[in-house]
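As recorded in TrEMBL, the features of this protein are as follows:
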SITE      ARG12  site 'Important for substrate specificity'
ACT_SITE  ASP68  active site, proton acceptor
SITE      THR69  site 'Important for substrate specificity'
SITE      GLN157  site 'Important for substrate specificity'
Amino acid sequence: MTRIVLASQSPRRKKLLQQIGLAFEISPSDVEEISSHTEPGPMVEDLAALKATDVASKFSDSFIIGSDTIVVHNGEVLGKPADADEAFSFLSRLSGTHHFVYTGVAFVKTDKNGTIQAKHTFYEQTKVTFSTLGEQEIKAYIKSGNPMDKAGSYGIQDDLGALFVEKIDGDYYNVVGFPLNRFYREIKSFFPEFDIMSS
Ligand SMILES: Cc1cn([C@H]2C[C@H](O)[C@@H](COP(=O)(O)OP(=O)(O)OP(=O)(O)O)O2)c(=O)[nH]c1=O
């Protein structure tokens, strides 16, 4: 059976793929995350493909999955905050307004010689609306440490992060970092040999 490799260090992505019963290995990529694309959708697809392709060079006869998540507020991309001050600035901007979370996913298939046989990418978008946050609430959340490794400085799945989200339009799991429903649909269309339900 073809080996499945998740090219990600994200504990959330690991948990979500375990949740659907997929058997996979983890091999994070340390490729520099720079894209020439400026539109968010193509940008996250490109970054996901960069990660998957980087890891693909180490695995023959494998199916490699890469992913990337960003937050876009008023047309501006918010990645992971550099420090607590930037986390404060990001969360202040998200307060009382909506933003979009984009996650790109890339599948790369390698053959027995390690050559890339197929590559497929897609992205999913979810609209998230925050309620109005007070300065003290933002500071308390930053103190918990949870925002620091997350795009836009929050985790919808965090104990306190969840309190800020008024509503979402789209896939919740896309916000967490991996769009499970779209992933399933794309696999069924493009790689029907992967029968997730009986893997
Ligand atoms: C908006 C949001 C993001 N995130 C996370 C998902 C991603 O892990 C992270 C965005 O950073 P990414 O660069 O997409 O991923 P990563 O660095 O964690 O892992 P890797 O590059 O190895 O795949 O933000 C949440 O966990 N919850 C949220 O609500």
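Glycine residues also receive a Cβ, built from the backbone N, Cα and C atoms like all the rest.
Known features from TrEMBL, placed on the structure.
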{"residue": "ARG12", "record": "site 'Important for substrate specificity'", "DSSP class": "helix"}
{"residue": "ASP68", "record": "active site, proton acceptor", "DSSP class": "strand"}
{"residue": "GLN157", "record": "site 'Important for substrate specificity'", "DSSP class": "coil"}
Item to check | Candidate with the highest Cβ count within 10 Å, taken from the recorded sites THR69, GLN157 | outcome: THR69
Item to check | ARG12 (site 'Important for substrate specificity') to GLN157 (site 'Important for substrate specificity') - Cα separation in whole Å | outcome: 9
Item to check | ARG12, ASP68 as recorded positions, winner by CB count within 10 A | outcome: ASP68
Checklist entry - About how far apart, in whole Å, are the alpha carbons (Cα) of GLN157 (site 'Important for substrate specificity') and ASP68 (active site, proton acceptor)? => result 17
